Amino acid sequence: MPSGSMSGGVSGPTSPPHPTVPSRPLRPSRYVPVSAATAFLVGSTTLFFCFTCPWLSEQFSVAVPIYNGVMFMFVLANFCMATFMDPGIFPRAEEDEDKEDDFRAPLYKTVEIRGIQVRMKWCSTCRFYRPPRCSHCSVCDNCVEDFDHHCPWVNNCIGRRNYRYFFLFLLSLTAHIMGVFGFGLLFILYHTQQLDRVHSAVTMAVMCVAGLFFIPVAGLTGFHVVLVARGRTTNEQVTGKFRGGVNPFTNGCLRNVSHVLCSSQAPRYLGRKRKAQTVSVQPPFLRPQLTEAQLAAKVLDNGIQGDLHRSKSSLEMMESQSADAEPPPPPKPELRYPGLSRGPAGHSEESSLLNKAPPTPTMFKYRPTYSSPGKNHTALTHAYANQSSQQPGYRSEPSLDGREGGGAERSGAERTGGGPGGPPGSGIPGYSLGGRSYPSFSDPTVLAERASRSSSVRSTHNAPPSEATTSTSYKSLANQTPPQAARNGSLSYDSLLTPSESPDFESAAPEMSPGRPRTPVVGYSSPFLSAQIAHQREAELHQPVASSSALMASPQHAVFLRGSGSPPVPPERERERLLHDSQAQHHHHHHHHHHHHRPPRFSRPPLLSDSGPPQPSYPYRTRSTDTTHPPRSPHPPPLGKSLSYSSAAAAEMQYRLVRKASASVAGGGIQAPKDEIQMKSYSRTNGQPKPSSTPSSPTHPISVSTRPGQAHSSAGSSQSPAHKPGGGVKKVTGVGGTTYEISV
């Protein structure tokens, strides 16, 4: 029977002949149905030929026994083929084949056949993923290709290789049963008077057997005719795999029938004689190297082919990408300013620097990201922040030296590499971090001597961005507002504290620099008042005689003189005196408010350049030495940032302190009411700046401490009654009912 014929397997070079299919135990009950079917088929047909066919051949034709004989032989042949033929058993995986897939393999794999997802299940017995339409027979204990069902009447599984014979067996058996029953009925009709005879009794017995088997066989035949026409198997029909969808294996009725009856025989996977493989073992006893074709692709768990080997360069690139935690820099901005014209002689160096793409400094990966008490902001790269720091001269950082006075000194510092991008070549001791050199400024005498040079060098180099430029670029990035649309935006805290966006400032800037057109500059920049507006307001408020000349020598005036190419430069002594006065005045304010710390009521989020210890606003910044100093020290204490990271807000603070010093000499305490007028007059209405007819002084600077819970007010209590030790809060209502509370 089929048990002996199906015990073959795949034989290795030194393995037993059939190791893949284990020998099944002999169970007599398995052979009962097939034995009964064989007995009824052969016995009834033999009786029919012995007792009925001779009379039929004599009375009607010799073709009757010939027809029945051919049909019986066809039935018997198909029965034997369906019983003894291999249905398409897949050999089981050997141990060395499935050891890498058995434990980590998922339960299912999904493949796509004609656009339809078909699931392949993992067979734990055979240890491989069963192909589509394959199933494991529980009786035969084998995975059968195109499994239809296990037929007990033939004692074999019906699969791809023997389904044709099983189907033909059903068809021929049905026809044979009908022929036997019909010809037997014909014999009885002619011998109704002789029913007691042996021939009539045997013929009626054969008719009873044929009639008994005709109903189930005819029903099974009709069922399989439908399955063949629809291109399905019994297993698919019973389990209902394609009951509510489309069968991807059907090719139409005619093609399905022709595929079952006329297709070529499927190959057999068991019992193949394989040649012995000779493997040459090398001296280190290593496995032979696999070829590229063997390593080309492997079907992954989801059915997708993936490459198993990667080149060395791709692995190194993946390792470098995983090791580098710094995000990639944004695309380089095209630094073009509409309507910006530079002088042909004095501005060639700055124009070339503006056209260069801002580099991403190495210090960025060592600087911590900023955090806010209530918000989480995206980290800002220096490539984006440098865009706002490379603004035109009349909006860039202030400098204490003029074009003529500092030109040679700055060019000498650039040649010797004294800028932030090179080593300190001007005789200033410094330190190096991340490939960049930074001066340390431990001598107080060097501090005052190098202050003006630092501002000019810093404004012309591609240094890391300052605090003010980082603040403005951070705000523009956080608001996601382009520079053109920012002019028409809603009321913001920047417009309240930045009077530089008013029409007066836009019109006054070209007057101070006649070489530039009147086109307003696009984008945010450091909020500074022009020197001319400051001079007019100071004259209207206090009419000082001495302070006007002092204000014209202020650092902000020096910036506009540099931008317009004007020759007047404050002398060295006057500049040192202004530095000394502003520092002493700021020391007075700083120590006066030292014991009145309170949490900021309205402050901007800390930036990348704000991380570290709290920094009072000074005209320049040096490296921190963490040493205490007397309140009346002629030089300010060093701070926790290098020279290249000094901010424009510090220069703005110096400029306002010089203004306050001159205002305190001339006018006294009338500045606070004007501050409130100025604060409200430069607010925006419907996105447009609204100038005020009343001239006012600059706003009080609000210096925000980076320590949580502390804020230092930089305005002294002697300047205005609004700046008392207890402090106060200004409330400004904007468009849409938004109320801004500003700590002063």
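Even glycines carry a Cβ here, placed using N, Cα and C.
According to the topological domains annotated in Swiss-Prot, R30 and R197 fall on opposite sides of the membrane. Using DSSP to sort the residues of the domain 'DHHC' (121-171) gives these counts of helix, strand and coil: 9 helix, 17 strand, 25 coil.
Its own atom aside, the Cβ of C151 (active site, S-palmitoyl cysteine intermediate) has 23 Cβ atoms within 10 angstroms in the protein chains shown.
Mean per-residue pLDDT, taken over the topological domain 'Cytoplasmic' (230-744), amounts to 51. Broken down by DSSP into helix, strand and coil, the topological domain 'Extracellular' (189-208) contains 16 helix, 0 strand, 4 coil. Secondary structure counts, DSSP: the topological domain 'Extracellular' (52-61) has 7 helix, 0 strand, 3 coil.
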